[in-house]
């Protein structure tokens with residue numbers, strides 16, 4: 001009870017529950033916001049450059065990690081320590097030792113973030129999140145090959161189920177969508193225009209034409225009058241609709257999952273081989289610092305440098321884009337909190353719950369087409385994630401009960417049966433019978449010492465002559 005009372009809490013709610021709920025919301029919201037920021041219509045101008053978003057993500061993470069690392073160092077110094085000494089200690093902790101080894105995982109993390117933007121630009125949010133769970137498989141394989149770990153049969157089964165579930169998600173389905181309102185073959189189909197309504201009304205063609213004329217009359221003030229369809233409205237408003245390429249998105253998410261597993265295992269190997277006592281926030285500072293260079297050189301300068309010079313660094317930025325960047329930067333902090341106050345198993349469980357939320361939001365807001373194979377594959381992936389991250393339980397026999405004392409500790413006023421011991425059948429000493437025989441010998445001249453028979457004069461005072 002004392003441990004529960006001393007656990008960190010905010011307004012009576014334990015930090016363990018707060019971190020898990022926040023991480024679940026962040027995982028779902030991040031993918032949905034990133035996907036929407038890449039497919040939302042743009043009225044004029046250009047869509048934002050993903051290279052600038054990746055660079056700003058690292059800048060924000062560096063600022064947050066620097067602040068917390070500086071606070072940790074200040075706690076070990078006297079209050080009167082000048083700021084120059086504090087900065088010197090921070091500089092030595094970041095750039096001394098083996099911090100340079102994190103340049104490789106930092107570069108890989110930058111490439112992984114860039115591939116994530118490419119994937120969410122060409123895949124549905126929930127589709128991307130399901131495929132991205134393959135990072136569990138790649139992490140396990142790299143752990144076996146690079147760290148020499150061994151996996152039990154339960155985790156190998158979970159990896160097989162994970163691969164099977166992802167394969168089911170990728171299967172094409174000829175069944176019509178059950179939940180799409182845009183598919184004419186769906187039972188939930190609803191016409192999105194008056195022209196489609198007129199096509200459905202076979203016996204009311206005149207009514208459909210009249211409704212079409214009235215609808216176009218209301219829109220004639222701001223639009224060019226064309227026909228009874230909505231063709232050309234996007235061009236009139238200057239709205240640019242993105243084109244999603246499934247093949248590019250699939251290749252990007254598979255590459256991101258592979259790099260995620262490789263980077264995580266390599267980072268763990270560097271930490272285990274290091275003999276320096278460095279805090280986790282100092283490691284985050286090192287990762288963010290070394291990530292700035294590939295994000296700036298290969299992303300901002302080489303990939304989009306010409307377009308950025310022409311249109312500007314913050315071209316296409318709005319509230320949605322900034323929200324996606326902040327959510328992505330805060331993901332690492334939430335993961336650290338979840339592992340600190342809960343554990344890694346709970347973190348993976350929160351990821352599984354976030355897949356369900358992303359699935360529901362994608363169906364409701366993005367009109368995601370749901371098929372039977374997709375539902376089955378999603379369920380298999382979630383179950384495999386839960387099975388892999390579950391704790392190792394050993395179902396052995398319970399330990400034997402050892403009775404420390406036979407003494408009765410309480411007084412029982414009731415009647416207790418009395419058991420008298422039959423001492424005739426107990427032989428405590430095997431020579432006891434022989435001793436008794438010697439004490440009762442019938443020989444008059446050889447009694448044992450200090451033993452006198454009844455009526456014997458031995459032991460009496462010597463008579464007087």
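Any Cβ shown, glycine's included, is placed from N, Cα and C.
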Among 223-245, 246-268, 407-429, where does TrEMBL put the label transmembrane segment?
246-268
TrEMBL tags one of 205-222, 349-366 as transmembrane segment - which one?
349-366
Out of 120-137, 138-155, 156-173, which range is noted as transmembrane segment by TrEMBL?
156-173
In contact by Cβ distance (the transmembrane segment (156-173), the transmembrane segment (349-366); 3 or more pairs under 8 Å):
no
Would you mind listing the long-range same-chain contacts of the transmembrane segment (246-268), meaning Cβ under 8 Å and 6+ residues beyond its ends?
102, 104-105, 108-109, 111-112, 115-116, 118-123, 127-128, 131-143, 146-147, 170
